[in-house]
Amino acid sequence: MSDGTAPVLEARGISKGFPGVLALDGVSFRLAAGEVHALVGENGAGKSTLIKVLTGVHQPDRGELRLHGGPVSFGTPLDAQRAGISTIYQEVNLVPQMSVAHNLLLGREPRGRLGVIDTGQLYTQARRVMSRYGIQTDVRRPLRSLGMGAQQMVALARAVSIDARVVIMDEPTSALEPREVDTLFGVIGDLRAGGISVVYVSHRLEELYRICDQVTVLRDGRVAHTGPLAGLERVKLIALMLGRDTADVRLRGQTEFAGRHTAKNGQPVVEARALSRRHQLHDVSIRVRPGEVVGLGGLLGAGRSETAKAIAGALPFDGGAVVVAGHALRKGSPAAAIRAGASLLPEDRKAEGIVPTMSVRDNIALAALPRLSRAGIVSEARVDRVVQTLMKRLRIKATSPHQKVSELSGGNQQKVLLARSLATGAKVLLLDEPTRGIDVGAKAEVQALIDELAAEGLGVLLISSDLEELVEGSDRVVVLRDGAVVGELSGDEVTEEAIMRAIADGGGVDG
Amino acid sequence: MAETAGTLPKPLGGRTRTLAWLQRYGVYASVLALLLFNVAFTPHFLEVANFRTQLIQVAPIVIVSLGMALVIGTEGIDLSVGSVMALSSAMVVLYLGYGAPVAIVAALVAGAAVGAGGGALVAYAGVQPIVATLALLVGIRGLANVLVPQLTEFRNPALITLGSRSVLGLPLVVIIAAVLTAVVAFLVKRTIFGRQLVAVGGNRAAAKLSGLPVRRILVAVYVLSGLLAAVAGVLATARLQASDPTSLGLLMELSAITAVVVGGTPLTGGRVRVLGTVMGALLIQLLQATLIKHNLPQSWTQMVQAVIILAAVYAARGRKK
Amino acid sequence: MSRRRGWAALAVAALLATGACAKSEDTSDTPAPAGSAGEQVAQSAAADGPTCTLQSFGGQAFDVKTATVGFSQSEKEANPFRIAETQSIKDEAKALGIANLRVTNAQSQFSKQISDVQQLIAQGAKLLVIAPLNSDGWEPVLKQAAEKKIPIITIDRKINAQPCTDYLTFIGSDFYEQGKRAADQMIAALGGNGEVAILLGAPGNNVTTDRTAGFKDRIAEKAPNIKITFEQTGEFTREKGQQVTEQLIQSRPGTSGIYAENDEMALGAVTALKGAGKTPGQVKIVSIDGTRAAVQGIVDGWLYSVIESNPRFGPLAFQTAQKFVAGEAIPATTIISDREYTTANAKDSLGHAY
């Protein structure tokens, strides 16, 4: 499809760096007319940077953009828009208070005599446009009164009606109902027929295979693969995204994980029953027994962090229940979860973990203060004891407990957070990407610690995008896709390939 | 007072280190410098009466600043303190018919109630602190003016005593400010509440995930600020022997914010320096006194204050980089 | 969300309720204001300056009693001066049987005062009495009034425009003169010798400027041995007056006289002196205004003298208006004669103070 015809939009050898990271490293990308092109990749792969370069938000350090065969450069997003490149974000960027019709035709309203907006004409035109997109709605209503899907459709209709040649959609279905998704795909089909190109960013494999012609996989700022989607096996696509070659089965022993743990029989220490949350989680059930490490597998956006947060009380859910050590938890209360014995190590250490202004000591004691005080007054002696023990135990390297936590290395900060969880007397640890962004040595230490803790009888729920870590660290792996459990592997079934296969087609043993 | 010792920071550049030192100890150095200047150049400065005067005058600023420090520690701000002083002053004379104790309690309850209102707006309705308390700044001053439309004198001996009596040579007003300073320092340093409020200011998301009752902490902090402002209002009223809601506490929020920021508490929250705040208040007071004693225009105070705030904020920012 | 709003509403309601069961201190021993006592007397004779008649102004005669009369007050009635000023206009209108008096208050916002007056004109006012907040910026209003030939009497503060054409006339005190008279009192109090401190009014205010200049000029002229060693603003408030005086008496114990540019600051100074253990009369205080509390201060021995700035403009303003519509010539400027309160007359004059 891309052969012969000149691409509508092309990026050649684009590099873009930010302080400390090279986000894009020589990325090339071709978009042919009337093509729906999937752009995929895990966290930090460079997708959003590439989109921002294509839409004029960022200027590339190296490389060039070509539009209709000629070189272009977009100084601002407006330049890109004028050149016919439209972007539809997850968050619709229209004026919610204005009517659907006004939003649709904003800036291009039909004018009657004296330059006054011809309202009748406006509504007629708007109705015509909306019906073309299969939306039955009163175009005089304010936009915000519509559902998310319909709003998205208005945004799309608007984007197309301003003569867009290229439409970039970033996770357009994340807030849509299945019926709305069908409508959206119908519209995308129309666009394709009309020669308009679509760049489609999504983590939902189903969707990609339904509507995309081409796919480009980004990994660590480089193009890992580009080509037609139809002939590409799902498991191969996943392997590309995760940086794993299915043919190359590595030897074990790359991580510090020792091997299987012996889960104690008896009651699970944490049990999530049929957790549901609109657009994010669908009937997710997970049980972790004492002494067991349960891995959560899946791609970005599969609902892994959401599951952990829901269990920890940090994310309210619509249906289902969480039981920790026999106690049914109140929804949306981290305090209740901590009291019952479930503690979360958040994915984003800086934003949700450390309190940078406080000392190592105060950070460790933070969640456990109610246990370490009497009548509201903190017992410094008890805090000192707990902090001392944990710092030694987790080998936290700080000049003193009073050193500011922000002065520590990433790995030691992570250990401080682990210590914070342990200080609460947790019975189960919910670890969301515990080794991301820390150096190799620290990574090995954290992995060894997880083993030790499980051996001592703690339950661990482990989320990791590092497949190797997941496979070697977990006794069982529950695989999520689009917010639902699509497979569960245990014992010798836990292999990288099995996980990828489960992600790809929901195979594996049903849980 | 609320800081911990024994920190060994990573090697820092010379400039960064200077800024760090300035942010932490600049206020002490400035107070010392100003004291030395006055000792050398101001007649009658080294007299007990002079220190009494300065301490009496600084007491309400100190008390209001303590509450402000707690609020700023949570990354908030309370612009309503001056108006709360006026309201508490109005309440005192309105209820003086029941006797001084009842009147004082009424004033304190009113201050706490305003704080609860502001805190609820911030914690539960998600209104930005600066917006919520700006609304209160305007509204509460108006309410105070409605309650007591013009300056009203009183003769209640108990209340006048509160404003003018000394115990062991120390004015009651000063003793109260000192006790409240100790209480707030204890609160910040030794209690769960103190640790938690600092964590809420340092990283709200982390505080939430760690199971801290973030909303209750926020409400409590604004209640304390309202309460302390009301105490300051009562004391200022007792000292003036009249209630004047039209002018009492005007621009107090600016003095308090200055005292807190200059004292080393960053506007971005996550830290509360109690002793530094008291020093900050003293610095403002000494500055004003120095200008008055040397018969220089007081409008200079505002300009010098502005320079000091800028320096403090610069030191805080420069350090972060 | 509605529950949260409920919280806030509850807090506000609780606050409003606070005023409901209030019971303030009983202070019934202070004498009640004595009606129309202390009425203003014009000081400058009509023949002295330029005059104005109905003919030269170019208006139509009307009956003041039946006409709509507008009064625009500048600041809210939170101090004795403004309270007495508004009350005097209202009382006199009532006494004369003016049925249609409309009173507005600009709450210290000049833009509001302009729109207030425009409203009054729109409501068909035939006569306007204005206590201006500013001297400048009145052109739009004056133009509107001139088109309809509505006479404007400005009280207590002048506006920068042409009397008898842009507006009718000004009635008020001479603040410079008040300063001079305060100086005379201070000279008498100190016997022409000593160190004097000035508690200035709010900075950038023409009342402050005039009262300061009058005082200083007179001292320089009559008593060169009196030294003005200290000038600090007390911003016309009691609290600032107290604070500044506390600093003053501590660092300049030699100060023998304090000139306060209004009564509130003088009373603040008295509180400061009491707090420092001084006895009445040890430091001579002279101030300007003539509020009841200040005159009581003279009786109690804390104040030496108070120069009056009489706010009771009602009678003189309406007299002037009636003369004008009756065709008589009225002066373009009427300076009122302010009284003086001293130990000799304070006790008997308490009823005149406002």
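For all residues, glycine too, the Cβ spot is worked out from N, Cα and C.
Remember, TrEMBL labels are computer predictions, not curated facts.
The annotation transmembrane segment is assigned in TrEMBL to B:25-42 (among others). Cβ atoms under 8 Å from those of the transmembrane segment (B:25-42) belong to residues 262-264, 276, 279-280, 282-283, 286-287, 289-290, 293-294, 308, 311-312, 315 of the same chain, restricted to positions at least 6 beyond its ends.
Same-chain residues lying 6 or more positions outside the transmembrane segment (B:54-72) and placing a CB less than 8 Å from one of its CB atoms are 78, 81, 85, 129, 171, 173-174, 176-177, 180-181, 184, 187-188, 197, 201, 221-222, 224-229, 231-233, 235-236, 239, 252-253, 255-257, 259-261, 263, 265-267, 269, 272-274, 277-278, 280-282, 284-286, 289. As annotated by TrEMBL, transmembrane segment applies to B:54-72 (among others).
Annotation comment: TrEMBL describes B:130-148 (among others) as transmembrane segment.
Sequence annotations record features per position, and here TrEMBL assigns transmembrane segment to B:168-188 (among others). For the transmembrane segment (B:168-188), the list of distant contacts is 1-2, 48, 52, 55-56, 58-60, 62-63, 66, 69-70, 73, 161-162, 194, 197-198, 228, 231, 235, 238-239, 272, 274-275, 278: same-chain residues at least six beyond its ends, Cβ to Cβ under 8 Å.
According to TrEMBL, the feature transmembrane segment maps to B:217-236 (among others).
Annotated transmembrane segment per TrEMBL: B:248-267 (among others), in sequence order. Long-range Cβ contacts of the transmembrane segment (B:248-267) within its own chain (Cβ-Cβ under 8 Å, at least 6 residues beyond either end) map to 23-24, 26-27, 30, 60-62, 64-65, 67-69, 72-73, 75, 77-86, 89, 137, 229, 232-233, 236-237, 240, 273, 275-281, 283-284, 305, 308-309, 312-313, 316.
Listed by sequence, the residues of this chain that lie at least six past the ends of the transmembrane segment (B:274-292) yet keep a Cβ under 8 A from its Cβ atoms are 1-2, 24, 27-28, 30-31, 34-35, 37-38, 42, 53-54, 57-58, 61-62, 65-66, 68-69, 181, 184-185, 188-189, 255-256, 258-265, 298, 300-301, 304-305, 308. The transmembrane segment annotation in TrEMBL covers B:274-292 (among others).
Annotation source TrEMBL lists transmembrane segment at B:298-316 (among others). Long-range contacts of the transmembrane segment (B:298-316) within the same chain, counting only residues at least 6 positions beyond its ends with a Cβ under 8 Å from a Cβ of the stretch, are 19-20, 22-23, 26, 30, 254-255, 257-258, 261-262, 264, 266-268, 283-284, 287-288, 291-292.
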